[in-house]
Amino acid sequence: MLGICRGRRKFLAASLTVLFVPAVTWIYLFAGSFEDGKPVSLSPLESQPHSPRYTASSQRDRESLEVRMREVEEENRVLRKQLSLAQGRSPSHHRGNHSKTYSMEEGTGDSESLRAGIVAGNSSECGQQPAVEKCETIHVAIVCAGYNASRDVVTLVKSVLFHRRNPLHFHLIADAIAKQILATLFQTWMVPAVRIDFYDADELKSEVSWIPNKHYSGIYGLMKLVLTKTLPSNLERVIVLDTDITFATDIAELWAVFHKFKGQQVLGLVENQSDWYLGNLWKNHRPWPALGRGYNTGVILLLLDKLRKMKWEQMWRLTAERELMSMLSTSLADQDIFNAVIKQNPFLVYQLPCFWNVQLSDHTRSEQCYRDVSDLKVIHWNSPKKLRVKNKHVEFFRNLYLTFLEYDGNLLRRELFGCPSEADVNSENLQKQLSEPDEDDLCYEFRRERFTVHRTHLYFLHYEYEPASDNTDVTLVAQLSMDRLQMLEAICKHWEDPISLALYLSDAEAQQFLRYAQGSEVLMSRHNVGYHIVYKEGQFYPVNLLRNVAMKHISTPYMFLSDIDFLPMYGLYEYLRKSVTQLDLANTKKALIIPAFETLRYRLSFPKSKAELLSMLDMGTLFTFRYHVWTKGHAPTNFAKWRTATTPYRVEWEADFEPYVVVRKDCPEYDRRFVGFGWNKVAHIMELDAQEYEFTVLPNAYMIHMPHAPSFDITKFRSNKQYRICLKTLKEEFQQDMSRHYGFAALKYLTAENNS
């Protein structure tokens, strides 16, 4: 308290200094500008010697006065700058925007409270406390449905997390798709002092499905009406946000506005910044009833406890039923109904200053809300055109949005010091696991990677696929980084059926991928490709984690474990479905091997049959995969036998065997200790053998590896001795773990390794 008083005394002293110095200066200059009781101009143009009274001495005096005046003005400018900084650091700054008034934006009865806020913010009374306590939890509700909205929510949440200083509790009204995506995202994001609760949007459909709605948000655009019924009964207040919102300030400032509600005010809203509700946008335009310009519901402050007491549910239903008799449907979803209720009950609304919802719609007048960047609090992209909307300041707004769109979300994992938080079991387990490896161990970074939790965004693009009813469907599974993006279109042309891909990208690269995909006719025509973004963290490429993510999120009973550099033969999908049935994969432990070949040519006339492939093999256009570098990796496939085989044949496991296989979706995961280059597939095939999988080579299947520049990890493997030493150490530890897990039968792997 004493510190606050001292701060205010400094603030008052600085204010008096700024006022006092100019006053004394101008008195001094004014007195000095008289000679013999007559005024003398200080203007350089008027001070030319045109009178006998003019002397060299008086000219020097005037020049010195002008120099002194400029010095005083510069001192005054510096003092003003210091004063503005002091205002920015003062506690009153965090109570809301009390220092600015916009009479045209304030609602009835609001100007008094705003003026009171200004007085309170600038008074020297030391007993006043901040409107939002340091560790007070701020509650935010968001309606989210579908794949695209899930991406938008991430950008919104980033902007909120970037500025926040308080614990947050997000209440997400989500459909099954959004829940799966966002639950995984927040679970792997592990942001401290953030709690997430989900509410099933599909269960709420019956509450609003009777309302015809023409808005592009569909039925989900009406669900804000039922928040009083949906959210916990003990929740008193909540900030409700659209998914197309971007914050440019601490959300606690908006939360503090709740303390300014008076009487029966239960809704905090910003006036609509277009002429939509005035009905003059085009001829015969007939909007829903609204108070003046109406209000925009992209940002809402809801006093839930009072709304429940007022029987809000009954209030909005009766209003909607009455208006629908003449309007037939809503045009702006819940916003039309909120405005119709407010038209009948204007006392319900507290009008927020318009900078809390700067609307960038097609007919907006939002530029009247702000004079400079510091006025902006919340930006609302409430046009179907989103970033393509026309606005004279749209470039600035777009850059602000892109800042959060591409911002590294891992940097938002910072702790809120001084605020107690609930114990997070996952976080505690992670810290325990990370503390186990010895930091002095030369392979510490390798061991640490095994426990690193990577932020994961499932189904980054729209996904839609219904598996075949005969239970023979196969999904191609692969992983990639940004430098292999060019392979996607080629793979999609060769494999027209379901694909599950894990992409290892930064936040900025994820947006580059999105733009690339949206600009590709081939990729946009496919809805059966699941793109799962695993965000970058650490120095190694987590190849086996990526494979596990892609494997885990398939909707078919079988999967083809491939790599992004391989193109499968045309028609492989149908051939695999037949083979799955013929070899009874559903009831047996089999791994079907797809023989792998490679070409050194970037432009290849892809063989359309086995006969064509054999011809190219004989001519030296194709080779068996890694025949000159790592023969042992695919030698057990027995390519000599494959050339003449017409029926599937069984092969035995051998050391360093790493074929590409088709297996059931319940097969073991890849071992996460192997990152970067080396032993990642070998270890998996070894475990399949330990679990008594039978390896069967398909006689009429093949895949071809396309050439590319060496990866960063293989370069490190070849050039870094310590990298190779650590890989060998991890390999030995894996073999020991196999022996402990599978017993005597696993000893053959140690023997085979010693003999190889």
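The count begins at 1 with the first shown residue.
Here the Cβ of each residue, glycine as well, is placed from N, Cα and C on the backbone.
Keep in mind that this is a model prediction, so the values were computed, not measured.
Features reported for this protein in Swiss-Prot:
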- 1-10: topological domain 'Cytoplasmic' (TOPO_DOM)
- 11-31: transmembrane segment (TRANSMEM)
- 32-756: topological domain 'Lumenal' (TOPO_DOM)
- 42-63: region 'Disordered' (REGION)
- 44-58: compositional bias 'Polar residues' (COMPBIAS)
- 55-90: coiled coil (COILED)
- 81-109: region 'Disordered' (REGION)
- N97: N-linked glycosylation site (CARBOHYD)
- N122: N-linked glycosylation site (CARBOHYD)
- 138-413: region 'Xylosyltransferase activity' (REGION)
- N148: N-linked glycosylation site (CARBOHYD)
- D242, D244: Mn(2+) 1 binding site (BINDING)
- N272: N-linked glycosylation site (CARBOHYD)
- D563, D565: Mn(2+) 2 binding site (BINDING)
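Taking N148, N272, D563, D565 as the recorded positions under consideration, the smallest Cα distance to D244 (Mn(2+) 1 binding site) is found for N148. Taking Cβ-Cβ distances under 8 Å and a sequence gap of 6 or more within the same chain, the neighbours of D565 (Mn(2+) 2 binding site) are R484, M487, H705, M706, H708.
Of all Cβ atoms in the protein chains displayed, 29 besides its own lie within 10 Å of the Cβ of N272 (N-linked glycosylation site). In this structure the alpha carbons, written CA, of N272 (N-linked glycosylation site) and N148 (N-linked glycosylation site) are 25 Å apart. D244 (Mn(2+) 1 binding site) falls within neither a helix nor a strand when secondary structure is assigned with DSSP, and so counts as coil. D242 (Mn(2+) 1 binding site) sits 13 Å from N148 (N-linked glycosylation site), taking the C-alpha atoms as the reference points. If you take the C-beta of N148 (N-linked glycosylation site) and look for same-chain residues 6 or more apart in sequence within under 8 angstroms, you find H462. Close to D563 (Mn(2+) 2 binding site) in the fold, though at least 6 residues off in sequence, lie A478, Q479, Y660, H705, each with a CB less than 8 Å from its CB.
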